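**Q** Not my notes, these are from Swiss-Prot:
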- Cys27, Cys30, Cys46, Cys49: Zn(2+) binding site (BINDING)
- 295-304: compositional bias 'Pro residues' (COMPBIAS)
- 23-292: domain 'CoA carboxyltransferase N-terminal' (DOMAIN)
- 281-304: region 'Disordered' (REGION)
- 27-49: zinc finger (ZN_FING)
Amino acid sequence: MSWIERIKSNITPTRKASIPEGVWTKCDSCGQVLYRAELERNLEVCPKCDHHMRMSARNRLHSLLDEGSLVELGSELEPKDVLKFRDSKKYKDRLASAQKETGEKDALVVMKGTLHDMPIVAAAFEFSFMGGSMGSVVGARFVRAVEQALEDNCPLICFSASGGARMQEALMSLMQMAKTSAALAKMQERGLPYISVLTDPTMGGVSASFAMLGDLNIAEPKALIGFAGPRVIEQTVREKLPPGFQRSEFLIEKGAIDMIVRRPEMRLKLASVLAKLMNLPAPNPDAPREGEVVPPVPDQEPEA
């Protein structure tokens, strides 16, 4: 045995520290490596560049409503492939895949509860479910939310994140635009506030119906909001669109929305606005609220 081989036989390789999958993630905008639990505590907002990442419907509603007050509505409603639609894949297979991936039956989750002790009904889109597309179940759940708000005589808040009407349901999905808008007319007749929160992205038939019908239309920073996408518009008009076209900041400059609110400030802002509209005492910004306990950051960051 040569002297090199003798040295090699005495070398014990160090064991690489194992980090469970999913502990770290990267910001979609700046590429910063982020601790997953800290990002969740910060409501999926990058602490470095303030990029607002997409948030699941349930996490959004749980971050909005008071702990212990949440009651889900319309969970028994499930989509059906009435048309036996098929493109590159059967619609029923797309539904099964989306339901397995997200754990949701469809793209809208509705809950009633309290916000700073004020009764409200809130709805949020699950964009991971077929791009948050609006089908008959989404329309039915939204109408259920309106009916509950009317019954409880309380405000309604909807967080939109959708690519538009669901093409696999054809005319039935387009009918939801009129159905949801007609339901909101009853809120207006009763004088109950409806606040629409536009998140990234809010497009197509959703933006052309209830997403833009709020008594107050609020957007998150840099959210893409419009009907057709920028690429489609450029190809149609054969012109270069201005920078930031269809983003929140562009829309507020043109008067299309009322305000832009950062996600960490959204809960208190909504409570303050609704308290004024409902002639109730202003919420206490220092009121304690139970939150998640975040485990300590691991010593070793993942390799780039």
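Each residue, glycine too, has its Cβ placed from N, Cα and C.
Help me understand the surroundings of these features in the structure.
**A** Under the DSSP three-state reduction, Cys49 (Zn(2+) binding site) is assigned to coil, being neither helix nor strand. Listed in sequence order, the residues of the same chain lying 6 or more apart from Cys49 (Zn(2+) binding site) and placing their CB within less than 8 Å of its CB are Cys27, Ser29, Cys30, Gln32.
Summed and averaged per residue, pLDDT over the zinc finger (27-49) gives 94.
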**Q** I want the residues beyond Cys27, Cys30, Cys46, Cys49 whose C-beta is within 8 angstroms of the mean position of the Zn(2+) site's C-beta atoms, in chain order.
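**A** Here the nearby residues are Asp28, Ser29, Gly31, Gln32, Leu34, Pro47, Lys48, Asp50, His51.
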**Q** Given the binding-site residues Cys27, Cys30, which one's Cβ is surrounded by the fewest other Cβ atoms within 10 Å?
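**A** Counting other Cβ atoms within 10 Å of each of the binding-site residues Cys27, Cys30, the minimum falls on Cys30.
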